[in-house]
Amino acid sequence: MFKVHSDYFSKPNIDAIKPLVETAGMSVLTQSPNLRIWKQCNTRIKLLEEILAHYTNGIRRDDNGDFWMNPNSQLATTIAYRAHHKGHNPKFKQYPETFTLDDIITGKPIPQTAPDELQLSDEIVEDYRLTVLSIIEELQECYDVLGQLDINNTIDHKPLGNDHWNLLYEKPVYKHWYQLVSNRPLKDIRADYNYAKAKGVKDECSKILEESTMKSRRGFTVQRLMNAMRTAHSKGWYVVFDTLTLADDRLKDFYDNPNALRDYFRDIGRMVLTAEGRSVHDSSSDCYQYFCVPEYGTQHGRLHFHAVHLMRTLPLGSLDPNFGKLVRINRQINSLQNTWPYGYSMPIAVRYSQDAFSRAGWLWPVDSKGEPLKATSYMAVGFYVAKYVNKKSDIDMAVKGLGNKEWNNSLKTKINLIPKKVFRIRMSRNFGMKLLSMAHLSAETLMELTQVGYDVTPFNNILKQNAKKELKSRLAKKSVADVLEAQPVTTNLLKFMRNLTRTIGASNLQSFIASMTTKLTSTDISDETKNYVASAGIAVANLRIKSKWTAGGK
């Protein structure tokens, strides 16, 4: 779209940033405003131009203004589906009713006597005309945005727009674009114009790749949970484990409110803010964090949720449930018991060695036999919740026909009936992502941190993402043109795997891929990397867990 002078790129400069760009990855770098808008805008234009070409191939307008369509074209199927969806008359002009647009949908053979072109009805033509105009209008809006982008400006620049832009639109370019992308995602464009994305072929390679991706996400989620527990403990925060159930008479209300869980956690955050004497309109991210995983009971088929609340300050009215009791068996926190409006909740104080409750003077609880609960590590609660993460991941894979676990078809059907927005893990923004600052580290060390293995630190994926984020900040003042020039050639992993299968066979594929993705061990890394991991408190030696934690108690 933009022309750049051939002398613009400085090869030494491009060569210097190539390894940084490759390590950070375009998915991270495109979080920068200017680069993000540039990439998204070009992607949207490409899609809309494809759709426009689709709508203009296989149709002809004659000198009288009548529209004629080739019934064998791909466009014929699109127009037929649109007419059926909108309830338009499916008949063609000047052609017997023995063949209509509905017949194209059902795949009925076109009569041999049919002409090469069939005349569309006025109703269908009007819908077609308005559709094409709509595509052109969407394209023009994208061209307007693209015309305001400066490829030679830095990737972190937020484009505002010139005087011409201000005459056309009310908001600055970047705000206008963010709103457009949010209100009009690409999937909606495809759906509205009946231009479905081609479905990929499901074979052994695609299954291996999808299963590997899901397992990787599961592992990353568990790492975030465990790191959040570590951080909360180091800051002296309170940890509360909660189970949220759904009452029969509240099921409809829960499913009718897509923000039920979001509102619940927001209310808890506001309770913490109030306890700290702050406005409920403040952000609670610095004093409250949460993690929530759904569970679908395989025995009774009931959806419920397990949540971990991390609080700097307990809500007002939070009292030791065992104060003044002869037998200290209670662990539920009274101030949180009536906050879940869709059923029953059981907020339990998580007790472990050197917890915040002990420092606040809460009595140590006992079990049903009157014996003091065994003191465990703060990380043990993370392991306990992690099993629910693993269980949900197993269900997700089973629904997709992946994994080794056997699940009955009835369960798969029931899971598919639950809205995806409900049956997903949710957590606070940047939950468990905080690590020691990397601003002082060399670029070489940052690149090394993206490759360390689990034996260096069990938080290696979090380490990787933080290092990439730091690299992004160091590339922030590079131009869009520089970054695009420095980006590596991308490889279609699925295509690569399929080609590889022909050489080594499907049975050896997983082991071969594993050998290609080896991580750096403690003997491979530099002293600066070792020192950072140790200083951050995330070395393997710092995080040994010997005992297990259970969520029992009342």
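Quick reminder: no glycine exception, Cβ is built from N, Cα and C everywhere.
Given the structure is predicted, the values throughout are model-derived calculations rather than measurements.
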From 126-148, 287-309, 425-447, the residue range that Swiss-Prot assigns the feature zinc finger: 287-309
Packing count at TYR388 (active site, O-(5'-phospho-DNA)-tyrosine intermediate) (other Cβ atoms within 10 Å of its Cβ): 16
Protein Cβ atoms within 10 Å of TYR384 (active site, O-(5'-phospho-DNA)-tyrosine intermediate), excluding its own: 18
DSSP-assigned states of the zinc finger (287-309) in counts, ordered helix, strand, coil: 0 helix, 16 strand, 7 coil
